[in-house]
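Student: Following this message is one structure expressed as structure tokens.
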Amino acid sequence: MKILRIFVSCVIICGQTCKHVFLWLVEPEKHPDFWKEWAQRTLKNALTLQDLNKNVAKNIILFLGDGMGVPTVTAARILKGQMSGQSGEETQLEMDKFPYVALSKTYNTNAQVPDSAGTATAYLCGVKANEGTVGVSAAAVRSQCNTTQGNEVTSILKWAKDAGKSVGIVTTTRVNHATPSAAYAHCVDRDWYSDGDMPTEALQSGCKDIARQLFENIPDIDVIMGGGRRNMYPRNTPDVEYPGDKKHNGTRKDGRNLVGEWIDRVKDKKGYYAWNRKDLLSLNPNNVDYLLGLFEPADLPYELERNKETDPSLTEMVDVAIKILRKNERGFYLLVEGGRIDHGHHEGKAKQALHEAVEMDRAITRADLLTSIYDTLTVVTADHSHVFSFGGYTPRGNSIFGLAPTVSDIDQKPFTSILYGNGPGFKLVNSTRENVSTVDYEQNNYQAQSAVPLRMETHGGEDVAIFSKGPMAHLLHGVQEQHYIPHVMAYAACIGQNKDHCRTNSGSPSLSHISPTLALLLAVKWLLC
């Protein structure tokens, strides 16, 4: 009412001019200057990128949204805005603010549409690989143990550790799931979580399960957080949180208690184990050098279903991880996976998937507050996409989980904006498509309709986005092969293979990458001067 009174008084005094001012204040998008000024601000920001950040990256953070294709990013952006009372489309995710964006080609060496294991090997180890395999080259064949030896490849996590950096893994899945396992394991089958999941012939041939490799291959990983408790304990060992539920019991055949072994190894090194949120958040990161947090027997629950008393959020885990890792004067490498975006899509539960993506974006925001763009390279990407889409000519501000504004001109039934190309949402009622207006299509576990019936929805094969900021972030540009990503990150941090461009301890440029003739000329010039 106050604005209206001002408007009426203003119109009496200055007529049409004031009317335009009022529209500018109340409905700015209807005024051309709103869009022009927005574009000019964006242009000025873009011009600042001419001064490239070529600092050495002391810290490296990779945020991996499992299954977070471009449609998922867009839908999550709208959801984030709608959660705060906006229409949503104009909202910015934290990753949207990153100055550089590229596209990643996600195919595996033997698959047009990839899986999360072969892709993880690409963006962590810098080598394209076969689907279903982690930390091995394409010469290794899935499930064939005898193709492991000699085909192992190491990851950027190990390159960073070898360079004296602290390293960490944070995930909302099991810590021995496909994505994190490629950081430390060499395994021809991503499903070999514990020795209880392996065939006898593989064990007899000397292959190791992924949980065991987590603690043996790189035994001094500083921070490990996620789920996966049951793969660490002997078979039939009751779970600490669900002692009466046998499905959560330990699975190991070898009788080893990997958590107990880890605790013994770090007991004199400021090492701590946590299995619930309270224990985690009670820790003082300044007094912790090693942390193992296993908060569920398998994967962590969806964010919408998380028990806030027992399970930490991804943002909380990232906060603790960075505060522990950043104490190292040489910096750190941190892998963060929003792993259950993928699971939500596979189940056709778009609401679960998108809330997982929004939570990962919160974690990115938290990481930004704890680090500096001047010495920290942050990359956000996905391993692959999904056959997830949203459309239907919905009006501005339409609930991202809502209906399209018109019914089908074929069966005269309504449809949701969100749909899947395949998956469990395919359903016929009396031999025709279900009428979605008769169900609660905005509930957390609603399975959006799909074109093809499958028990589990599949991955998509299109390129995914790479968002980057910080030192050398400009090298992630254009359309790139997925395995290029860790090479850029290593180059920026002066670890791994590419070090010739790095400065020596004296601060002088290294000459090892310069031609002999140019090096001689520079040396003569230095002597003459």
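The backbone N, Cα and C atoms fix where each Cβ goes, glycine too.
Caution: TrEMBL annotation is automatic and unverified by curators.
What TrEMBL records for this protein is below:
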type: ACT_SITE; residues: Ser116; note: active site, phosphoserine intermediate
type: BINDING; residues: Asp66, Asp342, His346, Asp383, His384, His459; note: Zn(2+) binding site
type: BINDING; residues: Asp66, His177, Thr179, Glu337; note: Mg(2+) binding site
type: COMPBIAS; residues: 243-253; note: compositional bias 'Basic and acidic residues'
type: REGION; residues: 234-253; note: region 'Disordered'
Student: When you measure from the Cβ of His346 (Zn(2+) binding site), how many other Cβ atoms are you left with inside 10 Å?
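Tutor: I get 21 for this one.
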Student: Write down the Cα-Cα distance for Ser116 (active site, phosphoserine intermediate) and Thr179 (Mg(2+) binding site), rounded and given in Å.
Tutor: 6
Student: Same chain only, sequence gap of 6 or more: which residues have a CB within under 8 Å of the CB of Asp383 (Zn(2+) binding site)?
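Tutor: Same-chain residues close to Asp383 (Zn(2+) binding site) (Cβ under 8 Å, separated by 6 or more) are Leu64, Asp66, Gly67, Thr106, Pro114, Ser116, Thr119, Ala120, Tyr123, Thr179, Val464.
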Student: Where Glu337 (Mg(2+) binding site) and His346 (Zn(2+) binding site) are concerned, what is their Cα separation in Å, rounded?
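Tutor: Each residue's Cα considered, Glu337 (Mg(2+) binding site) and His346 (Zn(2+) binding site) end up 17 Å apart.
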Student: Report the residues of the chain - excluding Asp66, Asp342, His346, Asp383, His384, His459 - with C-beta within 8 Å of the mean position of the site's C-beta atoms, for the recorded Zn(2+) site, in sequence order.
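Tutor: Neighbours found: Gly67, Asp115, Ser116, Ile341, His345, Ala382, Ser385, His386.
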Student: Can you check which residues sit near Asp342 (Zn(2+) binding site), meaning Cβ under 8 Å from its Cβ, same chain, 6 or more apart in sequence, and list them in order?
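Tutor: Residues satisfying the criterion: Asp66, Gly67, Ser116, Ala353, His386.
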Student: What Cα-Cα separation, expressed in whole Å, is found between His177 (Mg(2+) binding site) and His384 (Zn(2+) binding site)?
Tutor: 15
Student: Going by DSSP, how much of the region 'Disordered' (234-253) is helix, how much is strand and how much is coil, in residues?
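Tutor: Grouping H, G, I as helix and E, B as strand yields 3 helix, 2 strand, 15 coil.
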Student: CB neighbours of Ser116 (active site, phosphoserine intermediate) within 10 A?
Tutor: 27
Student: Excluding near sequence neighbours, so keeping only residues 6 or more apart in the same chain, what lies with its CB under 8 A of His384 (Zn(2+) binding site)?
Tutor: Gly67, Gly69, Thr106, Val113, Pro114, Asp115, Ser116, Thr119, His459, Gly460, Gly461, Val464
Student: By the count of other Cβ atoms within 10 Å, pick out the sparsest of the binding-site residues His177, His459.
Tutor: His459
